[in-house]
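Asker: What follows is a structure written as structure tokens; I'll ask about it next.
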């Protein structure tokens, strides 16, 4: 909501524009005033909505013409004043002033002000006002309302400026079609979304507890019992089927807001909309969807405990059949208050843990959000807002320590790790990623046409960590490997080669050499161990190549036979302690004592199996490679 309002008074000379301003300021009638009153500024503390108000007077004299047009363009709301005792000034509302404003390309709210009602005598009411004004409002949608007043008595003077301010801060036009007397579609969509967010148990009805929570969130005060009953009585009077023994339906929720608007209580509906993040155009504000977060270079973003709690509770609410998995219809219901499934453009749900029928488990749901937060934290922030996270969405995420510091210290304290997977076509990269999720193995080869990322949880010493594995396909490998920022986001590289293909290993060797990847923590994986092992057409064989780098020999696996050699625990352990898989020439410390200490740390993290896999590495580094 804007913090200042500029009100412009327009109209024929002699209708009382200057006198109205003076009567407001002096709180009494001043008979003789100057022709044009200087701009008046009213401080926020004396206005109902706590906004600074600027009131600007105008004149129709020729010498003021340029100033008049300038002020019209600067105005937030325009009050066109006419004199009750001069019908010609009323006729000029639609005959001159409203078309003139439009001709300048100005589209701001307009309030029609009938001054000098004291000249009617004792009866200052005008029962014909609606009949006189409605045709104008039908032709000129920018007209918000009409107020009759008297600067002399004074009567309704403060109301003129209140309605002008209200037309800016709580406009009718975005919410309500005055001609059809219905809510506009964008308003209906916004209110339906709010209803769905407030329906905490998703039963299609707002019960008393949910109504009270809604009232607290929007107006910072619970509904009193008598107020709640009064609301229900009003609803029963107009929509008898809208209230049941549980509470209020969505139809009634929309009806109540229609009633608020029709009775001039637009501030009620606008307060609700703004509390739920909507701007004046009835779209969610960018500052609400994606608040500013400082992410230092080389840091990553993870969900905080609050974030995991929110997504866990969300999962449980929408798991209607209580089978501990979200099927397609339940996911659609979950994302109803958002633009849609954020992973629709990916291979989801093949990217995370699902049941045999493809329903996403809680483990898979949390893992998917962990991956999303690491790869695109702004998307997570947006969906936290869409899905109704209570309070500051930035508290649902946390920023990690820079990777370079982690690598220098030799130990990582993060919970989500990113592993890039590279290898020759048909080396088994996609099968490896699918094997990480226990997906069925397929002999059919499909080349990777676009990046494919999967995520799963890995338990290390009783603590749950998340490992994200991403492959890119030969078409996209270069753009990743040439991009320093992309590489800096990665915790380790997994080089995959087919142990039954003589040319497979040379592909990854050439890749490392071409893109100078010697500084990156690396693990080599030999796939298809169930097939016949062949000598690789390379200067040295894989085990010797790794030995020269001071790395462990390639880990042999077979996804087809489900012989995975605890690979994913090893990859996670390397990500947590990257020095154990960094080529020897790029370690900061040179002494064998420090190297052995790092090795022992890795053993403590990943367990005895990793100790067996990496023992040779440390011994090679301690004694030097053999010839």
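Keep in mind that glycine also has a Cβ here, set from the backbone N, Cα and C atoms.
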Asker: Could you check which of 546-566, 567-587 is flagged in TrEMBL as transmembrane segment?
Answerer: 567-587
Asker: Any chance you could find the range in 2-170, 306-341, 414-577 with the most Cβ pairs under 8 Å to the domain 'EF-hand' (186-221)?
Answerer: 306-341
Asker: Can you check how the pLDDT averages out over the domain 'Miro' (414-577)?
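Answerer: Result for the domain 'Miro' (414-577): average pLDDT 95.
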